[in-house]
Amino acid sequence: DACGHTVLSPESGTLASINYPQTSPNSTVCEWEIRVKPGQRVQLKFGDFDIDDSDSCHSSYLRVHNGIGPTRTEIGKYCGFDFQMDGLITSKGNEVTVQFMSGTHTSGRGFLAAYSTTDKSDLITCLENASHFSEPEFNKYCPAGCVIPFADISGTIPHGYRDSSSLCMAGVHAGVVSNTLGGQINVVISKGIPYYEGSLANNVTSKVGPLSTSLFTFKTSGCYGTLGMESGVIPDSHITASSILEWSDQTEQVNIWKPENARLKRVGPPWAAFISDEHQWLQIDLNKEKRITGIITTGSTLAEYYYYVSAYRILYSDDAQKWTVYREPGMDKDKVFQGNTELYQEVRNNFIPPIIARFFRINPLKWHQKIAMKVELLGCQFSIGRAPKITMPPPPPQNKNEDKNDDFVHSVKTSLQTDKTTFTPEIKNTTMTPSVTKDVALAAVLVPVLVMIFTTLILILVCAWHWRNRKKKSEGTYDLPYWDRAGWWKGMKQFLPTKSAEHEETPVRYSSSEISHLRPREVPTMLQTESAEYAQPLVGGIVSALHQRSTFKPEEGKEASYADLDPYNSPIQEVYHAYAEPLPITGPEYATPIIMDMSSHPSTPLGVPSISTFKAAGNQPPPLVGTYNKLLSRTDSTSSAQALYDTPKGQPGPGAADEMVYQVPQSVA
């Protein structure tokens, strides 16, 4: 009558004194017989030990024996307040007896211990939490039976659990280990968060928790993705049920709560059975074999219809003909899963080991008012060779099942936990927590390298742009680019506006007979002459032909065209180029001055402004056509004192202001 929380499995288990962590009653006794597989030995570890030792372990004590029954031999006898048991107690065989005697005492919590086979060297008890370990990542073995009423956890997956939570109990809640089997956990410690959510999963209620300095998560296989109920990957035709609730409301509207309504998070009514009994089921066809690791359920999610399923069984099949009821390994009873405690709450249950099947059935055993639910399956693809399929024993005959249902449901009513908790967070395929230390180290190397590379590229681009600008500035303002001095103008002419069809272009011709009048040595001197006051560029942006009254004389035998309009009276906006037309490649380096013989040309009417290279009489400065017309303002150096201009035709002297036509200056030898 002194036995407290006890779970014994073939490989591990947990045992505690009655009322732990409160004081056990006087004059009570309990004895546990532990057996593991033959050939293995048992190791015992105490998580807490507080037994009254006022009479030197005479009336209150804990005794451990090798073996079971009359042939057992004592390993040790222990008592004491806050007694620290160093190391593990190891048996010589595969059987151990633990005896607890509680005599007359006034204080003492009793004890809590865990056991496993000796191959589990990293065994911990159900009382260990993350704050007991300093490593950022570690592996431990949790014994069976760590869902204990006197331990608390806060948090959920995938966000993590508060560091004060029991490691093994959180592992059961996360679906990493089974409460009836125990198992290995891989824990990762990281920075805490301000708020921890609560949820109900695997018959463990996680509470809401406040800010903490650190939290922990579990590394898993990652096979926790949704299998298609919510997303619609599973078609409506693959969701069937034993019966469908159909009814008319007060407005004579027919409501049908079909099986395809049983999709988690879908707005609207759920699936509901027409008859509420233990023979109803909801079936899902996954189209091919999948590895099913968990299930999430809710109630009706409609406030006016407070329906939900509070307990259910799981069946699975490969052909939808022969069905197997899910049982945990080593157990001879069907596994009963904790369902919902209200209509909105999402409750998760995991399958350890996972189910490998195509067809999946949910068989409700307990419900509130009516059988109604929405579900989602968790898991991943299954390929042959990844893991062997676990075969379960066939279900008993139908008549025996019906006979057992009454007792079975009655046991469910008394054993299932129905604590009301907040919603369960969404489960995605992200439960595998990456290695924090490796990611941090990788980021610490990659980020500076990338920053240096981008900075170097930017500096190279800036230097190239700056060098190019300096090189452009170093060239002359009016000089041509060095790469194509002779052909630059020819390449640019194709981008200049073309003349209209009615104005034909007349090419500029140079008379070789007139060029020969000047000596070659006079050319550089004449080019240095100061520009005329009203000179205009020799070549304009759109003036590419010989215009009316040009200073250039066409070759003899070809009549120049004077149809082009005066560029200064043209309404077209002129675009002047900074450079004169380049010389022919075969010509001399400098242009040769041209002397026009205007005697053969007809006189210009008075109403048209002259474009002559000679200065007009009076104050009117006639416009000039080219920057090199200044060359005609000089003769050779021997006649510098001679007048440069002749008097106009038909005028008595140079003072006549109304005559605008002049004769050509006298020829120079």
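In case you wondered, yes, glycine gets a Cβ from its N, Cα and C as well.
Listed in TrEMBL for this protein:
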- 3-118: domain 'CUB' (DOMAIN)
- Cys3-Cys30: disulfide bond (DISULFID)
- 120-216: domain 'LCCL' (DOMAIN)
- 223-380: domain 'F5/8 type C' (DOMAIN)
- 639-658: region 'Disordered' (REGION)
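Of all the disulfide-bonded residues listed (Cys3, Cys30), Cys30 sits in the most crowded Cβ setting, with the most other Cβ atoms within 10 Å. Summed and averaged per residue, pLDDT over the domain 'F5/8 type C' (223-380) gives 94. Assigned with DSSP, the residues of the domain 'LCCL' (120-216) fall into helix, strand and coil as follows: 11 helix, 38 strand, 48 coil.
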